[in-house]
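J.: Before anything else, here's the structure in question.
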């Protein structure tokens with residue numbers, strides 16, 4: 001009896017988790033007006049003997065895990081496209097790539 005109850009609870013949790021993952025995935029796909037980007041700055045940061053971390057250059061920030069002595073310098077940017085006006089048809093047409101030109105021999 002206990003085995004059947006335990007198996008039933010495992011199946012119920014599995015179904016609930018699957019539904020949650022599906023709903024979270026479809027919600028993330030509908031957020032086309034927001035963009036969060038992360039770029040590696042090409043350098044690492046290290047924990048010094050004093051407990052402080054070396055600084056990253058430019059717009060980069062040191063991100064590290066607890067207990068580790070080496071971190072990554074990363075640049076993060078959040079863009080909310082709802083703050084920008086919708087482009088007009090003319091602006092969209094002007095932004096299209098130009099067709100390839102064929103090279104001519106002189």
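The backbone N, Cα and C atoms fix where each Cβ goes, and this holds for glycine too.
Reproduced below are the annotations present in Swiss-Prot:
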- 1-28: signal peptide (SIGNAL)
- 41-60: disulfide bond (DISULFID)
- 44: N-linked glycosylation site (CARBOHYD)
- 45-62: disulfide bond (DISULFID)
- 56-73: disulfide bond (DISULFID)
- 59: N-linked glycosylation site (CARBOHYD)
J.: Tally every other Cβ atom lying within 10 Å of the Cβ atom of residue 60 (disulfide bond).
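T.: Result for residue 60 (disulfide bond): 19 other Cβ atoms within 10 Å.
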J.: Could you list the residues of the same chain, at least six apart in sequence, whose Cβ is under 8 A from the Cβ of residue 56 (disulfide bond)?
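T.: Sequence-distant Cβ neighbours: 41, 43, 45, 62, 73.
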J.: Around the C-beta of residue 62 (disulfide bond), how many further C-beta atoms are within 10 angstroms, looking at every protein chain?
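T.: For residue 62 (disulfide bond), the 10 Å Cβ neighbour count is 19.
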J.: Whole-number Å only: compute the distance from the Cα of residue 60 (disulfide bond) to the Cα of residue 44 (N-linked glycosylation site).
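T.: About 10 Å separates the two Cα atoms.
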J.: Including all protein chains shown, what's the count of other C-beta atoms within 10 A of the C-beta of residue 45 (disulfide bond)?
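T.: Neighbour count, Cβ to Cβ under the 10 Å cut-off: 21.
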J.: Rounded to the nearest Å, what's the C-alpha distance separating residue 59 (N-linked glycosylation site) and residue 44 (N-linked glycosylation site)? Just drop the number here, would you?
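T.: Approximately 14 Å lies between the Cα of residue 59 (N-linked glycosylation site) and that of residue 44 (N-linked glycosylation site).
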J.: Pick the one among the disulfide-bonded residues 41, 73 whose Cβ has the fewest other Cβ atoms within 10 Å in this structure.
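T.: Taking 41, 73 as the disulfide-bonded residues, the minimal 10 Å Cβ count falls on 41.
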